[in-house]
Amino acid sequence: MEPRAATTGELVRAASPSFQARLWKNLQLGVGKGKGGGGGRAGGPEHRTAATPTPSPPPPGTTQDALAGVGSTGSRWSGFKKRKQVLDRVFSSSQPNLCCSSPEPLEPGGAGRAEQGSTLRRRLREHLLPVAKGSSTATGTGGVTPPGGRSPDSAPSSSSASSSLSSSPQPPPRGDRVRDESTRRGGPGVHLCHQKSSSLPGTACLEQLLEPAPPPAEPARGPAEPQALQKDIERDCSQKISTVGNSNADVPLADPGMYQLDITLRRGQSLAARDRGGTSDPYVKFKIGRKEVFRSKIIHKNLNPVWEEKACVLIDHLREPLYIKVFDYDFGLQDDFMGSAFLDLTQLELNRSTDVTLTLKDPHYPDHDLGIILLSVILTPKEGEHRDVTMLMRKSWKRSSKFQTQSLRLSDQHRKSHLWRGIVSITLIEGRDLKAMDSNGLSDPYVKFRLGHQKYKSKIMPKTLNPQWREQFDFHLYEERGGIMDITAWDKDAGKRDDFIGRCQVDLSSLSREQTHKLELHLEEGEGHLVLLVTLTASATVCISDLSVNSMEDQKEREEILKRYSPLRIFNNLKDVGFLQVKVIRAEGLMAADVTGKSDPFCVVELNNDRLLTHTVYKNLNPEWNKVFTFNIKDIHSVLEVTVYDEDRDRSADFLGRVAIPLLSIQNGEQKAYVLKNKQLTGPTKGVIYLEIDVIFNAVKASLRTLIPKERKYIEEENRLSKQLLLRNFIRTKRCVIVLVNAAYYVNSCFDWDSPPRSLAAFVLFLLIVWNFELYMIPLLLLLLLTWNYFLIISGKDNRQRDTVVEDMLEDEEEEDDRDDKDGEKKGFINKIYAIQEVCVSVQNILDEVASLGERIKNTFNWTVPFLSWLAIVALCVFTAILYFIPLRYIVLVWGINKFTKKLRSPYAIDNNELLDFLSRVPSDVQVVQYQELKPDHSHSPYKRKKNNLG
């Protein structure tokens, strides 16, 4: 026993082997005894596979001899067994976080340098790597085999470690790929890595971490030092877990960070009938986790629907299956459930299209035959892309708080993303010989357009089978090929579900670009035709970039932008009016929307129908985004809307605040703090957002675009009946009418000689005007009124007063909206009286239009928007000169010829009134209040701090 004791003493004083290396050895010794009692070295070679090379026997007097002596001592073996369990627990809890702590896979050559500051990894390199490298050098062929490389019979002894190390940021290795790699590689060191990657996926990251470190010499340790080292490792692992987050030890998948799942919803077969007529109106929902990621269109009266719709979903991991649910659409009632199915994403082969047939089941009635759904799916790993540069673009559906999400990632090289590849301009001309859906032999038709997530709904043409819409709108093209545009025609029915007239499709990939195509489309599943004009044009200047990539700060790019919108290039693309750059820098003091007292804010920037988003800053009330958005300006009178929401993964996003900024009120290059307002833009809410905005535009193009119809928003809130809104519009209309009534009273008082001096002056003025009146004096009088008000304003005698009456009405309306939101949850949709509501809404809207028209005329002369007032002065000067030099009969003759020949010259021209189009750009009193900037008040909090849902 003396030589054996001496060997053991040498082991304790050795410099190269570490304490954990001896634990690995004793694990092998224990397994060998448990299986056959032949010892660790004796039993090991008998169970090795053919692909596993046998290590050379160690020279005498080495570490293995010493460990054999230690293993023969029973008292010491019990201590080693305890330490073995502790070591299993340490690696079970720490290994997944070691791998997941880096956003990218660690390169073997740079892993040690990248994580030099990590306490846990430094300790593991110091205490694990020297033994592996030292023993490999000493033996020349293999050295010590860790548990990953033991025999198959010994695998159950470390099942806890194997299961706990299953979470990794790398893609899960497939069996055929692993076998091919094992045949190509050679050497025991490679075999060690192969065994770990197949049975213990999480250890591959550990090997990459440990490999590049040089084997430093270890100082001599005392007998108590291994226990201290063991406690240090446990403490470091627990700290690492608390920093990164708890790992799920039961998850068997490894993720690269992001996957793209491309789904093509083909068709359904033999679906269940849910309507009384023996048919259904099916549509499909896709969910991952508890979040809806896609909803298909509705196929009416069909049990074998054909959708052929595509969806692209970005997912963080493959743990959650794809949940497919089919419903029958019921207007005004709860949709009927038609079955569901799950698709296990872990069974899909990467980068390969897979046709999937799913059998629909009802959990409550598992024996019922509910039909099948056919899909095509492609799963693609997205490696090397960082989440912190992910830009989300959500298109909210009308009256929906859910988001249809597209991920738009910034380029790693330029960190700049152009969002769409082109624009398709659509003009809906007319319908011909449509199907009669009403009892009177007519219809009230309207048309719905859908291109991907974009939707547009035309106006309703009452009581006609040959409607004339003459509407123009634009869609964005996100695919190089163009995609399929779905078109459906409907008949509007008050109080019940609208009737389906027919459908058709347009394959945009078959149309040539930069050319207008006239299409006469036959309506399938119905009667009649639709006439369209479709034009595909190049991409507009719309992109997202980091703050470091700034077009306006690059002198060369700035000169190109200024050149493009110079006054000399007036007739080059009249729709391209200007360039807008918005820097979303940060926000401060936002409202806390979560129960933790924090929020997950992201910012939405909207200009007409262009809608872009920043990334989400989690758990922060003072987020910094530092993003730059660029837009193409089509109308200089547009309003930039910036809205802050709180992201909520389980339900709709929460509203935090909003600002509305007219483009003509922007001061270029100035960083300003905008106080966030409530949803109706009538009062302040908590928080301030810092923006820096630059606008460059061509004034001549902007003036010409003022005289054509405004661009309609695709997604607008449905009008609902509101007592306060109805009263507000009535009061606004009454105020405009009262002005005319007071003017009539004033004239009548002159006729009645209530004030003789005033009546005498009015009589003399009347005689002079009538005797010398010429037609050109009408615009001249308006011109004098504008000029008079202008000099009053610049002289400091501003007669414009803040409309406190409108502000008070808006505050009352906001309180009623809050009550309606609460009451609406209690009332059922079926209890509403549709016909009465539509009549009241129509009256409400007419009052709003009349009141807005009067207020816009007043605000034009009050110089509320100086650009428009100057434009009115120029137009009135031109009209005055025309009326002065040209006889009235010639003017009327030219006007009549133009009206009679307009349809002959341009048969598909959209009817418009230039004067009304001009007035539509002037804000009403309500809009003036909404666009007012609020001064930040740092000393007092806003009066109302409440959490509003996205409406």
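Just so you know, glycine gets a Cβ as well, placed from its N, Cα and C.
The feature compositional bias 'Gly residues' is assigned by Swiss-Prot to 31-43.
What Swiss-Prot lists as compositional bias 'Low complexity' is 147-168 (among others).
Look at Swiss-Prot and you will find 219-228 (among others) tagged as compositional bias 'Low complexity'.
Positions annotated as domain 'C2 1' by Swiss-Prot, on the basis of sequence analysis: 240-358.
A simple way to gauge crowding: the CB of ASP336 (Ca(2+) 2 binding site) has 17 other CB atoms within 10 angstroms, across all the protein chains here. As annotated by Swiss-Prot, Ca(2+) 2 binding site applies to ASP275, ASP328, ASP330, ASP336, with the evidence given as sequence analysis.
For ASP275, ASP281, ASP328, ASP330, the entry in Swiss-Prot reads Ca(2+) 1 binding site, with the evidence type sequence analysis. When secondary structure is read from DSSP and collapsed to three states, ASP328 (Ca(2+) 2 binding site) falls in the strand class. Counted within 10 Å of its Cβ, the other Cβ atoms near ASP328 (Ca(2+) 2 binding site) come to 19, all protein chains included.
Cβ environment of ASP438 (Ca(2+) 3 binding site): ASP444, ASP491, ASP493 lie under 8 Å away, each six or more residues apart in the same chain. Per Swiss-Prot, Ca(2+) 3 binding site is recorded for ASP438, ASP444, ASP491, ASP493, and the stated evidence type is sequence analysis.
Marked as Ca(2+) 4 binding site by Swiss-Prot: ASP438, ASP491, ASP493, ASP499. In the three-state DSSP reading, ASP438 (Ca(2+) 3 binding site) counts as coil.
Residues 750, 861, 872-873, 876-877, 879-884, 888 of the same chain sit 6 or more residues outside the transmembrane segment (763-783) yet have a Cβ under 8 Å from a Cβ within it. Annotated transmembrane segment per Swiss-Prot: 763-783 (among others), in sequence order.
What Swiss-Prot lists as transmembrane segment is 866-886 (among others), and the listing cites sequence analysis.
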Among ASP493, ASP499, the most crowded of the binding-site residues [Cβ within 10 Å] = ASP499
For the recorded Ca(2+) 2 site, whose residues are ASP275, ASP328, ASP330, ASP336, find every other residue on that chain with a C-beta no more than 8 angstroms from the centre of their C-beta atoms, and list them by sequence position.
-> ARG274, SER280, ASP281, PHE327, TYR329, LEU333, ASP335, MET338
Sequence-distant contacts of the transmembrane segment (866-886), meaning Cβ under 8 Å and at least 6 residues beyond its ends, amount to 636-637, 664, 702-703, 706, 774-776, 778-780, 782-783, 786-787, 790, 860, 918, 921-922
In three-state terms from DSSP, label ASP336 (Ca(2+) 2 binding site) for me.
-> strand
Cα-Cα, ASP281 (Ca(2+) 1 binding site) versus ASP330 (Ca(2+) 2 binding site), nearest Å, comes out at 8
CB contacts under 8 angstroms to ASP275 (Ca(2+) 2 binding site), restricted to the same chain and 6+ apart in sequence, sorted by sequence, are ASP281, LYS301, ASP328
Taking the mean position of the Cβ atoms of ASP438, ASP444, ASP491, ASP493 as the Ca(2+) 3 site, which residues outside that list, in the same chain, have a Cβ no more than 8 Å away, listed in sequence order?
-> MET437, LEU442, SER443, PRO445, LYS492, ASP498, ASP499
Round to the nearest Å and give the CA-to-CA distance linking ASP330 (Ca(2+) 2 binding site) with ASP499 (Ca(2+) 4 binding site).
-> 13
In whole Å, note down how far the CA of ASP499 (Ca(2+) 4 binding site) lies from the CA of ASP336 (Ca(2+) 2 binding site).
-> 19
